[in-house]
2 protein chains.
Amino acid sequence: MFKAISAKTAALLDKELMSTGAFSIDQLMELAGQAVAKAIYKEYPPTDKNQKVLVLVGPGNNGGDGLVCARHLKVWNYAQPVIYYPKRPQNELYMNLTKQLSDMGVEQLHDLGQVQSLLKGTSVKVIVDALFGFSFHPPIRDPFNDLLKYLSDNNAELPPIVSVDIPSGWDVDEGPGECDIGASMLVSLTAPKPCSEKFMAKGKAHYLGGRFINDDVALRYGIEDYIKLYKDDSLIAKLS
Amino acid sequence: MFKAISAKTAALLDKELMSTGAFSIDQLMELAGQAVAKAIYKEYPPTDKNQKVLVLVGPGNNGGDGLVCARHLKVWNYAQPVIYYPKRPQNELYMNLTKQLSDMGVEQLHDLGQVQSLLKGTSVKVIVDALFGFSFHPPIRDPFNDLLKYLSDNNAELPPIVSVDIPSGWDVDEGPGECDIGASMLVSLTAPKPCSEKFMAKGKAHYLGGRFINDDVALRYGIEDYIKLYKDDSLIAKLS
């Protein structure tokens, strides 16, 4: 039986973890991004470390998860991450995460033309969609509208897209909206959001990550059944 | 061929990561403590989640790694962590890490008598020694002197001790000093410290963890051969 947490509940949980729960955003983002990298490694095992992983980075925490994911994939020699991060708020953590990538020689793209050029080659193994998370509300603003439209229109020719928490452009409750990027895999963080049910119905890969809450908190938020799905010391669980 | 990094070099590396490297202590401690938990899980697989893990927490960063390790072991249902954390500096991160454990119902001991009582039972699976790291300098001060002496004198009857980065009480370069707690396993963080060679000579388990530096940094610090030992997306490597 599918049991999701709403965007409102997910926001409350984040707020609780970072206030009375005493977690820092640095900690949670590190674990979330690491879990996304683990899920990618498992679902699409590495083949050639000279291949590329294009990480599309949004302006908020979903983007931060993507930056952390890119770093772990780089450190694990999975492939060469390349980031496209067009809107960069003056946020110290995001700036630090970006600096960590620059120090590791991670390439950065600056406009949609560069993204399209990269994707026209054959060397991109996976696209990571870390654009928008559960707090996204339409409309999709510039420059993300053109990017999402491009992904949506060219889905059949593109490498698999892995979405972080929700497929970008989807409504967190309702699912596909004005465009559907056609993600092949979803990594739900902490617990699936309502739109995940529509994603799972498509028979695509679905992982759970962000194993940082304890049984009591899980019980209070009604997601204890998900927490039980993690095996041993695994940081991810495959749901479908 | 054994190649360690000195305490001075390890301190420089930490400083570089947290200044120009743009890592936060929260991030590094999270990854270090998680790696220690992973190594414990692998070397001493779980048998009964009602068993206990006694985590001895020192006043500095080594102690912080222990607090993070305790939390991951708890979340993974490895066993029930119990912490002994007698000297608590007014450091926001350490206080937060402790709060995270309290929220998960982790038991805390308050004096050596309680530690001894717990260890006289049979329910403790592993002791985690997160007391002192590479920046330790003798003498061992109160209340840690009595604790280390107790561990040293009763080693044969105690559960296995897992030391974080260096066995507490050892000199980072020279090895055993005024007392030797007789650790059964060592988890070196980033790279082994010089005293690790004497530890390995005893034929005990030795792991590497803290997989957060890139190849360039590793090369500059002369530890690239260690970084290569990590397989796939593993967060630890068994050295011996």
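From the backbone N, Cα and C atoms, a Cβ is placed for every residue, glycine too.
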TrEMBL K(+) site partner of B:Asn62, B:Asp129, selected from B:Ser24, B:Ser102, B:Ser152, B:Ser168 | B:Ser168
With B:Asn61, B:Asn62, B:Gly63, B:Gly64, B:Asp65, B:Gly133, B:Phe134, B:Ser135, B:Phe136, B:His137, B:Pro138, B:Pro139 listed by TrEMBL as binding (6S)-NADPHX, identify the candidate in B:Asp26, B:Asp103, B:Asp165, B:Asp173 belonging to that site.
-> B:Asp165
CB within-chain contacts under 8 A for B:Phe134 ((6S)-NADPHX binding site), separation at least 6 | B:Ala7, B:Ala10, B:Ala11, B:Asp165, B:Ile166, B:Val172, B:Lys193
By Cα-Cα distance, the member of binding-site residues B:Asn62, B:Asp129, B:Ser168 nearest B:Pro138 ((6S)-NADPHX binding site) | B:Ser168
What is the Cβ neighbour count of B:Gly63 ((6S)-NADPHX binding site) at a 10 Å cut-off, with all protein chains included?
-> 28
Rounded to a whole number, how many Å is the Cα of B:Ser168 (K(+) binding site) away from the Cα of B:Asp65 ((6S)-NADPHX binding site)?
-> 14
Pairwise CA distance, B:Asp65 ((6S)-NADPHX binding site) versus B:Asp129 (K(+) binding site), rounded so that it is a whole Å = 10
